[in-house]
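Q: Before I ask anything, here is the structure I am working with.
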Amino acid sequence: MDETVKLNHTCVICDQEKNRGIHLYTKFICLDCERKVISTSTSDPDYAFYVKKLKSIHTPPLYS
C-alpha cells in the first residue's frame, strides 16, 4: 500500500486550498498566485489587490 499524504494550505491571496507554493512567515502563497504576483506590472489594476493581500503578512514577533 502506497499512501501519499498531501497537505493543503490556504493561499493568502486566492483563499483556495493548494498543496504547492511558498510559506512567508506564517502565511502561504500558492504557486499560481506567486507567478501572477511576479509577472504583474505596477500599472496593472490587479497590482493593488496583490499589494493589499500581501500586506496581511506580518513578521512574527521575536521572543528572547
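Glycine residues also receive a Cβ, built from the backbone N, Cα and C atoms like all the rest.
Per Swiss-Prot, the features are:
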- C11, C14, C30, C33: Zn(2+) binding site (BINDING)
Q: Other residues with Cβ within 8 Å of the Cβ centroid of C11, C14, C30, C33 at the Zn(2+) site?
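A: These residues sit around the Zn(2+) site: V12, I13, D15, Q16, K18, G21, F28, I29, L31, D32, E34.
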Q: Which three-state DSSP class does C14 (Zn(2+) binding site) fall into?
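A: Looking at the DSSP assignment, C14 (Zn(2+) binding site) belongs to neither helix nor strand, so coil.
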Q: Just to be sure I understand the packing, how many Cβ atoms besides its own are within 10 Å of the Cβ of C30 (Zn(2+) binding site)?
A: 23
Q: Could you check the binding-site residues C11, C14, C33 and say which one's CB has the fewest neighbouring CB atoms inside 10 Å?
A: C14
